[in-house]
Amino acid sequence: MRIGIDRMAFATTNDYLDLVELAKARNVDPNKYTIGIGQDQQAVVPPTQDIVTLGAAAAQKLLTPALMKNISTLIVATESGIDNSKAAAIYIKRLLGLNDFVRTVEMKEACYSATAGIQFARGIVALNPQETVLVIASDIARYGLDTPGEVTQGAGAVAMLISQNPHILNLEDTTVPYSKDIMDFWRPLYATEALVDGKYSTNVYIDFFKQTFTRYQQLTGRDLADFAAIAFHLPFTKMGKKGLESLLGERKDEVASRLRQQLKASQIYSRKVGNLYTGSLYLSLMSLLQNGNLNVGDRIGLFSYGSGAEGEFYTGILEEGYQNYMSNVEMDLARRHKVSVAKYEQLFNNQLGMKSEDVEFDDRNDPLPFVLKGQKNHQRIYLIKKN
Ligand code: HMG
């Protein structure tokens, strides 16, 4: 049975920060951010947005009444959870108007869990081919003001429908997961910002990519020439380059130049949004599919990495008409509004975070369809602004 990604949609916040302006405010050479790290802009999160509102906004773009009827399961992958017990998926299910006979669950393993969600979804569809699974990767990447990780922050959600006879990517059977207990990046329960051993994390990422790709080669007999492109988890766009170059080395042949070109296409959106944690690989895939030089039937590799750490290398074959089943990311990014460094810092400090008191936010300037209106009696209040 052919099972894979049938539809994809992306949502981010309406505000963004120019990283040249951030570099100047931090007394850093802007080239370090734009060339050394490979980021131009990053999403700025107002207090009225969180992983529930962003996840619902992404999913709403791909749903139609007919598609909603077939959804049996909603998986929300996130490491920015808003509750230690209740799944974000239950809030999102209500905001989207999905029926009550839908299984709803939240998954976590740093930036990796959306990939686990997709693999689990394949199993559900294989057992019940008439069912579809909605997987939403939604996160807010937060490191703290004036930290080395600050330039790699970001926010947004990618929603994906997993079904039989998919319209975008038919996922192939061989997939290589790989995990080890490693402290490269983590966030204790009492912290709103991640702790990270940054340089170490980049080395572990590269090691996991090599481990999974080498095993994939052993299992399938395929090599780089069998790929039209490889999409990477992009915590910052330079990381994808480091990953790819770790395999290409000095190669300058046709395969190497093709993969380098396609990598550039996959980095375009992440450059403007920043790290989406769980959603990053899938925004990279959307960027590749919307900007790359691809043909129906092409094989695409996907490298998923989540700190802690877990990686997975898997592949899919591009389907006829794939361009027609994704939301228009370029259009969404063009609509955003630039904020100053001072405004970004103010918004950064005004998040609900761990606050326990009642609060009401002003949502008048937030154009997204779902907003976090505030908190009352320890309960988050979500509003549907428009459908
Ligand atoms: P840093 O110490 O500020 O930067 O931290 P640096 O000094 O290493 O410089 C970065 C690059 O800029 C270097 O290039 C410099 O040479 C270059 P590289 O050697 O890496 O190719 N550079 C310049 N280039 C041009 N002009 C200049 C200039 N100056 C310097 N003037 C670091 C960088 C990434 C470590 C930091 O931002 C960080 O800690 N980020 C967060 C952690 C992270 O993203 N890790 C990635 C792998 S782990 C992962 O992907 C999982 C994750 O998504 C979380 C999850 O799973 O949930 C993070």
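Including glycine, each Cβ sits where the backbone N, Cα and C put it.
Feature list (source: TrEMBL):
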- Glu79: active site, proton donor/acceptor (ACT_SITE)
- Cys111: active site, acyl-thioester intermediate (ACT_SITE)
- His233: active site, proton donor/acceptor (ACT_SITE)
- Asp29, Tyr143, Lys242, Asn275: (3S)-3-hydroxy-3-methylglutaryl-CoA binding site (BINDING)
- 3-164: domain 'Hydroxymethylglutaryl-coenzyme A synthase N-terminal' (DOMAIN)
- 178-248: domain 'Hydroxymethylglutaryl-coenzyme A synthase C-terminal' (DOMAIN)
- 259-350: domain 'Hydroxymethylglutaryl-coenzyme A synthase C-terminal' (DOMAIN)
Nonlocal neighbours by CB distance (under 8 Å) for Asn275 ((3S)-3-hydroxy-3-methylglutaryl-CoA binding site), same chain, sequence gap 6 or more: Cys111, Asp139, Ala141, Thr152, Gln153, Gly154, Leu234, Pro235, Phe236
Least buried by Cβ count (within 10 Å) of the recorded positions Asp29, Glu79: Asp29
Whole-number Å value for how far His233 (active site, proton donor/acceptor) lies from Lys242 ((3S)-3-hydroxy-3-methylglutaryl-CoA binding site) (Cα to Cα): 12
Residues of the domain 'Hydroxymethylglutaryl-coenzyme A synthase C-terminal' (178-248) by DSSP state, where helix covers H, G and I: 38 helix, 10 strand, 23 coil
Largest separation between Cα atoms (Å) of residues that the record links to (3S)-3-hydroxy-3-methylglutaryl-CoA, namely Asp29, Tyr143, Lys242, Asn275: 22
Helix-strand-coil residue split for the domain 'Hydroxymethylglutaryl-coenzyme A synthase C-terminal' (259-350), DSSP-based: 49 helix, 22 strand, 21 coil
Cβ-based isolation winner (fewest other Cβ atoms within 10 Å) among the recorded positions His233, Lys242: Lys242
Recorded positions listed as Cys111, Tyr143, least Cβ neighbours within 10 Å: Tyr143
Conformational class of Tyr143 ((3S)-3-hydroxy-3-methylglutaryl-CoA binding site) under the three-state DSSP mapping: coil
Averaged pLDDT score, the domain 'Hydroxymethylglutaryl-coenzyme A synthase C-terminal' (178-248): 97
Separation of alpha carbons, Glu79 (active site, proton donor/acceptor) and His233 (active site, proton donor/acceptor) (Å): 15
Euclidean distance between Cα atoms of Glu79 (active site, proton donor/acceptor) and Asp29 ((3S)-3-hydroxy-3-methylglutaryl-CoA binding site), Å: 31
Nearest-integer angstrom distance between the alpha carbons (Cα) of Tyr143 ((3S)-3-hydroxy-3-methylglutaryl-CoA binding site) and Glu79 (active site, proton donor/acceptor): 13
Reduced DSSP assignment, Glu79 (active site, proton donor/acceptor): coil
